[in-house]
Amino acid sequence: MTSSGKVRIYELSKDLGLENKDVLDAAEKLSIAAKSHSSSISDAEAGKIRSLLGKGGNGAKPAAAAPAKPAPGKAILSVKKAAPATPSKPTPAVSKPVAKPVAAKPVVTKPAAAVKPQAAPKPPAAATPKPVISKPAPALVKAAAAPARPTAAKPVPRPAAAKPQVVSKPAAGKPKLVSKPKATAKPTAPTPRPTPARPTPRPAGAGSPARPTPGQGQPKPQIIRSGAPSRPGAPTRAGAPAKPGAPSRPTPRPELVGKPVPRRPAGTGVPQRQGGPSRPGAPTRQGRPGMPPRSGNTLELVGKPIRRDGSTTGSGRPGAPTRPGAPGRPGMPAGMRKPVAPGELMQLQKPVGRPAAPAPRRPDAPTKAGAGAGTATPPVARPNSPSAPRRPSFRPGGPGGQRRPGRPDWDDSARLDALRSRSPQKQRQKVHIIGENDDSLAAQTGGFAGEQENMVLSASLARPAKPKSQQRTAPKPVAAMRKRKKETARQRQRRRAMELRAAREAKQVRPEMIVVPEDNLTVQELADMLSVESSEIIKSLFFKGIIATVTQTLDMPTIEAVADEFGVPVLQDDVEEAAKKTVEMIEEADKAHLIRRPPVVTVMGHVDHGKTSLLDAIRQARVAAGEAGGITQHIGAYQVEIEHNNEQRKLTFLDTPGHEAFTAMRARGTKVTDVAVLVVAADDGVRPQTLEAISHARAAEVPIVVAINKIDKEGSSPERVKQELSEQNLLAEDWGGDVVMVPVSAIKGENIDKLLEMLLLVTEVEDLQANPDRLARGTVIEAHLDKAKGPVATLLVQNGTLKTGDVLAAGPVLGKVRAMVDDNRQRLKQAGPSFAVEALGFSEVPTAGDEFEVYPDEKSARAVVGDRASDARATRLAQQMASRRVSLTAMSGQANDGELKELNLILKADVQGSVEAILGSLEQLPKDEVQVRVLLSAPGEITETDVDLAAASGAVIVGFNTSMASGAKKAADATGVDVRDYDVIYKLLEDIQMAMEGLLEPELVEEALGEAEVRAVFTIGKSAVAGCYVTTGKLHRNCRVRVHRGKQVVYEGDLDSLRRNKDDVKEVATGFECGVGTDRFANWEEGDRIEAFKMVTQRRKLTT
């Protein structure tokens, strides 16, 4: 039945036990609209069809007034229980409900008689009934509706069992069913088990064993003819939801006379479990041979049952033969049938029109209500499909599991019904737990029914054989796989070759830096240094317009360009030469007066790796905080006194810049040092300036102590730094090498004492000595022009003692020491070996890196200075001419063409080292289109003379960490001279490069506007107009257009006319049509593509 109170044709046919065709014919006679077996009809129409088919016959149902009398030997007897009649909406019934009902035994009622409640009789100790068949009366009795399933909340009270009333009507040759109550059991009705899938409530008696209460009699069983089953208002099954509101259908029932005679031996039943929980829809466990007797009434069949041909069998189908082994005997387990003769079959039914197959239950579950102790299991017929989803009751293969026994084994419709009844979500087979009483099941499955069921189960589980076509084509995928395997073999060879090539490239790690000796290399030598193939170098040169072979020599600019393309910086050999110690400070006469001197330690490393912060931690000062941009841009000299082996020892530290522009400074620092401290950040590793510092230290042949800084920072990895340094042949002591590596933290001050101790140990091995009793010799570390003090130089005394008033010569500069101060700004009278001081009294700013020497008198000093000044002047002129890199012919040609651009600069810086660093960086800027002319470069402040020179030559004054003298700013404002001051070298170089680019003429570039497609051509007089559709962008009037026809450009010029709907417009956007016309082109064709663009100016960039 559908959820809206309607019945489908196929459900009605199953209820009536007829074919769908018979029901459709009956509906057609009654003018009821029903097209097919799945059509739905109302309950009233279903009642009309039932009445017609009941009167008409077909052997389905006897008429209500005159029931058909079956022929002798043709009737099938069935013991039927009285169903508890409390659905969710109970239908009117004859019986009176009781507040707490018990499960009723089937009673034999006279159709016209009313059913009265009666106490349940005591169940007998053990018996199998012998039924006595009585002829049914023509009167009708209304059957109660099938009970509904319980909800999870509370059970619904059920009616009391009906009082049996036996009416005898003798019939010759028919057996009698004799029943005698024996004992009364006292089980407690269990709590109904909720079922989530079925919300409709079911009385507690449904699915529960018959447990009569004391003081109540047990009803007697009744015999109902299978040909006339009782029909409730709505066809329901045991455990299915009740359909409220459906009218009940009266059904004539035969009566029982007498009491049942015990036939089976005692001990064949299974004792009823008391209080066990029942599962709704679980089958009743029947008695088994060899088991203790089951309490309750038993029935005994006396005489031969009567069969009638064409009558409705237990399955509800007319004419269907009775299935052998159907569960019709008490004591037989559900699903296990004893093979008997076909004529001796007896079907036990419930008093419902559509009996349903109960689902299998657990072995320990009690019997269902209405199937009292010792009563026969009702026949299992195929239920109609309910509207709500239900639990499938078909359990193949499980012990005690029931097949759908309403149809014979050879009927395939039984399997089809089983498949249809399963919903896709519930097709998983549920495991049935075998209890202790199921041991005898195996012995009962060997009969005809067991063999038939096993055969059906095996057939249902068997895998179908593969078609011959699939078996024939099975080898084809193997062949295809073999074919693909051959193809992948060639691909594997190519992949292996690529992997080998990649492995070779991985092994040939490109260096971080290369050093070029003598300013030239051959192509093969450059390829070996860069760890690339020589063909890659030749290809790179070819793209630069240079045809070269592997033996061709390349000059320095070409080498730098190629190396820069591969990402490797180039270090010239002369820079490394600057780090070599060329002058021996200790002479032969000093060896008799040598004493130990403090070591000079130079701190080197990459920019921002913490060199100055490490020195601050050693000196307990904050020099790094005062550095512009946080980076060191000049050399600082400091002296630290520490305690070692219970004596005070001194260390002189030189702090060098880490920026790439200060290569010469690092070389000078390395030249005068005794030990190089290489600072490497633990979170950054080895960087280009780190490698450069390593090369400087090796060129100066000084030992290296590695300080792995920033170990407190997240992501630091000292082991990774050691690994990278090992690739540069710096192997740590704990790795089996000879290089001291100390992890430190400059911020937190970790391991600073250990680093100092290691420095002293290394310098003790070097045995550093000097003669303090001679005239001083040393090196100019740094020099600058102080506006108050004049030229100031930082001097490192390497041998002898420098005193106030000494006359010295520093390169071409003559000086007389007027005063000396140390790093703490304390004035000194003298400075011994390895002492760094700032000295005043030079005639001009000396050049950083020059050696100084003290002479006994001023005359000898001036003679030496004069010779050096002449040499320095010649060298300076040569450098200025070389910086031009432009011949007179080239200059005149560029001037005539208007391509010669010059940028004049006047450079003033704080110290000499900064001047040479800036000049070195300017040399590396591209000079093909703009020349940089440095008219003046010197340390010191910007003076009024500098402003006058800049005004006369049109130069820009660039100051670096310096200030302006009095009157210079006023003069600059009056003459309009641009004065720039910087404190970070990055910003200075960027601004100079942008100024050079500003001198270049801007270039014109195309800017795309849109495209249009010519869809029509209109001739207007002698000219033609193209009807276009704008596909992308916009078309602007007076813009440039390019007409494409296929792959050729047929016209390029201005767009003179642009119209839309005969109106002149300035622009047409995407998706609109327009007319395009040009004065110089009229040869338009359909399909032409118009490209619109405009010319815009763009700032040019410097190119190398």
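Heads up, the Cβ atoms here are built off N, Cα and C, so glycines get one too.
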Of the residue ranges 605-612, 645-652, the one that Swiss-Prot records as region 'G1': 605-612
Region 'G3' per Swiss-Prot - which of 3-6, 655-658, 715-718: 655-658
The annotated region 'G4' range in Swiss-Prot, which must be one of 709-712, 733-736, 825-828, 913-916: 709-712
DSSP three-state assignment (helix, strand or coil) for Gly605 (GTP binding site): strand
Cβ neighbour count (within 10 Å, all chains shown) around Asp608 (GTP binding site): 16
Stretch-averaged pLDDT - the domain 'tr-type G' (596-768): 77
Counts by DSSP class (helix H/G/I, strand E/B, coil) across the region 'G4' (709-712): 0 helix, 1 strand, 3 coil
Same-chain residues at least 6 apart in sequence whose Cβ lies under 8 Å from Ile711 (GTP binding site): Ala682, Pro718, Pro743, Val744, Ser745, Glu750
Local Cβ density at Lys611 (GTP binding site) - other Cβ atoms counted within 10 Å: 29
